Amino acid sequence: MSDGIAPRVVAARVLALVVDQGRSLKTELAAALPTLEDVRDRALVEAICFAVLRRRPVYEAALTRWLARPLGRGDAQLRGLLMVGFAQLDVLKVPPYAALSATVDACRVLGWPHRVSFVNAVLRRAQRERLPVVSSDAAWPRWLAERIRADWGEQAEAIFDASLKPAPMWLRVNLRYGDRHTYVQRLQAAGLEAVPSGLVPEALALDCSVPVVQLPGFQGGEVSVQDLSAQQVAALLSPAPHARLLDACAAPGGKAAHLLERAPTLCLTALDVDMQRLRRVAETCDRIHVKARLCVADATDLAAWWDGEPFDAVLLDAPCSATGVVRRQPDVLLHRRAEDLLPLLNIQSRLLDACWRTLRPGGVLVYVTCSVLRAENQTQLEAFLARTADACAEDPGDAYGQPAGLGRQRLPGEQGGDGFFYARLIKDISM
């Protein structure tokens, strides 16, 4: 297969699985990318897939406008290939000759020599004409867009707009190995530029996304990839150096790792219901040379995992709609259904109640989600406080976003971070 063709073929296949079969983008990329030897080809596949999913309504509108007959249900890969071509011209700014040539050749490799002239004609039209204009919420399911508008009013447009933009690559420098300024110099020596955050002393925003193998010291645990909003959780919890700490929904392990980098003497229990995902926590701990007690269990089933000794602090990063991280997971909008929300709310409620039972009087529970839905955030928090007499909320402060009831909400893109909700709860020592 000639240069440039393979990544277009892979991207078309991945997009067909994600868009037409409801597969996870992360899962399909994890399976497909290792088939490409060149890291540049892998990066191109990722860039194409993300661009297509962010701009999918525009490309679908173009196909509707330009095709005399709509593509059939059996044409998923062909539809994906056309969108691969659109993304190269529209977002990635690949030179038109290279984009058309490689995409047309990919059509042959995919087994459609009789469709080559068709693909070429559609892409040449995309080169000549302006793509249709669609609303910023066009990719969002109607029920979800309406809920965002009801929750956020005039700020809803900012949420939709931010979710269409690529997210920066945030790094977390492990200060056990050196200071942030020194690491910036190492990045510069590797040809990379980064901007420090004023909110988190370990945080750096890269000027472009790169494979982790290009990050100095990554394999040795000197740096990790973690969004700014997620990095802020450690400071909000601020456990004492030898505290007993529970991370109740720990996978993939970034927040637990950050807490242990800051305080390696923590007695941290990392809990997750999924064995495969918990293995990622173990791999992360091994890479950064810290230790945690790992436990596969449902956090709500206390009899299955808790020995009855209270924790000093609990982190509950609850399962949620992921509406705050659409810019990183654009396929969320393809998969999310209205009927998904109530089960999520029930799980969050049960997790809050169970985790609270494990917390000692005077202890701290931090509840976070990567959602922008009030039902999962401030409404969930208010309901918990109403039924829990010994719980009180502390304001996390302005660094964590705008007030949202008794918590704080960062909207997507604010301070460069993902959409995140934060609440800090204290267990009353007098009750």
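Positions of Cβ are set from backbone N, Cα and C atoms, glycine also.
According to Swiss-Prot:
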ACT_SITE  C370  active site, nucleophile
BINDING   C249, A250, A251, P252, G253, G254, K255, D272, D298, D317  S-adenosyl-L-methionine binding site
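Overlay of Swiss-Prot feature records on the structure.
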residue : record                               : contacts (Cβ under 8 Å, 6+ apart)
C249    : S-adenosyl-L-methionine binding site : L271, D272, V273, A299, L316, D317, A318, P319, L351
A251    : S-adenosyl-L-methionine binding site : D272, D274, R277, L278, R280, V281
G253    : S-adenosyl-L-methionine binding site : A270, R280, V281, A282, E283, T284, C285
K255    : S-adenosyl-L-methionine binding site : A230, V233, A234, D247, L315, D317
D298    : S-adenosyl-L-methionine binding site : V273, A304
C370    : active site, nucleophile             : S229, A230, C320, A322, T323, G324, V325, D418, G419, F420
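When secondary structure is read from DSSP and collapsed to three states, A251 (S-adenosyl-L-methionine binding site) falls in the coil class.
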